[in-house]
Amino acid sequence: MIGGTKASIARICFLLTFLGTACSQSISDPTYNPDEVSTNLGEVESRENGPDLEFRYHDHDQMTRYLRSVSARYPALTALYSIGKSVQGRDLWVMVVSASPYEHMIGKPDVKYVGNIHGNEAVGRELILHLIQYLVTSYDTDPYIKWLLDNTRIHLMPSMNPDGFAISKEGQCDNTYGRHNARRYDLNRNFPDFFKANTKQPQPETEAIKEWISKIQFVLSGSLHGGALVASYPFDNTPSARICRSSVLCSVFQSYAHTPSIAPDDDVFRHLSLVYSNNHAKMSRGVSCKQGSPKFDKGITNGAAWYPLTGGMQDYNYLWHGCMEITLEISCCKYPPAHELPKYWQDNKQSLIKYLAEAHRGAHGFVMDENGNPVERAAIKVKGRDVTYHTTKYGEFWRILLPGTYRIDVSGEGYLPQEVEFIVIDSHPTLLNITLHSAKGYISKAVGVPSGTSLKTTSLPTATTSPVQDGAIVFPED
Ligand SMILES: [Zn+2]
């Protein structure tokens, strides 16, 4: 539902799924007054406030003013919050763009893009600002964007590393100056790692992301980088990294091994990467950026097959939180001249939008108890895929899957586990509502049955499944 007046900001702020504190840093910030923003706009800001966001780089203050002006101008479609601060105290801004910006829509997915994790990889930062602009100005005129925003909450973080960006230089294509945060840590090597203990000291930017994604169940995500043109998918690290702990030579060998590290959802990750690559103006051609740099078949690659790394963000999203994240390398030059930005926007616009819509592919639904109450933290495991997803506090789950027949195991503490078969088709998500029955009640009932009665003979309720159920989200035509 679209709503949102200034009078209701305090109330809806309270309702934000995440962020009492972050909400107060932006929307309820006593230093921030939407009226003040709109009346004190200088010449630059007033141009930014309109639909014609300029194609130029925005420093942190300019970016902050732009985000605030959009949130003031489009209160029914946007919410601005900060998930924390960088080492040097810059806000890590996130703008939600959705028909329900302040409140999670139960049963509908939250998705995200994170830009500029490497401070000198600047194109993604600007493209996210343009994506915000495009979404809010297209909602009333483009049925596809309306469908997307009506059914998805899109969280857009233009810069995860504003300190690194602050020292980066426009026109620098290949160097690493500005890549790290202010304490010289590479933030895309700073996450907990499944394959190898990560001994790097956690940084405030990384901690903020970890907190953020522990509080919102993101279904799908993209991390925007520069320096290549490819969509790279998990795993970034490889199981054999475990045996390399004590051997420098082994580590060196590993980093040049180019061996794929296959995730349980490899088919889905390849598909998601292809959606980005095939909708991009040139990524799918797989042309190398320069002589000697790799060519990528169809513009996609397994992360470890390109080069293995420890502590990356995408593996963490997937293995810790069931969020399917891929790494999008969107510019050969890390920080190209600003006059090239319109070309990058045109090349990536379709990809950025179509990729997010993939959150509506596969199966989703609710796990409830026999009284209709949601079962939180129920474990969802697709047979043959050794990775566990969990339900939210509303009992929701999402599982992006390609067309086919699947079986899932659903289990929750204190409940009898259940196995459910379902199909996934291409054009609609499959709605799966699963009822779990209390193990306690089951056992106490079982005590009263005649000896010799097998527990297995008691019939268990089945799940309701429907790939075309009324009310299911349907992919609209373009
Ligand atoms: Zn990067």
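Keep in mind that glycine also has a Cβ here, set from the backbone N, Cα and C atoms.
What TrEMBL records for 1-24 is signal peptide.
The domain 'Peptidase M14' annotation in TrEMBL covers 56-359.
Per TrEMBL, the feature active site, proton donor/acceptor maps to E329. According to DSSP, E329 (active site, proton donor/acceptor) is assigned to a strand segment.
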*For E329 (active site, proton donor/acceptor), what residues in its own chain, 6 or more apart in sequence, show a Cβ-Cβ distance under 8 Å?*
H225, G226, G227, A228, L229, V230, A231, S232
_Integer mean pLDDT for the domain 'Peptidase M14' (56-359)_ = 95
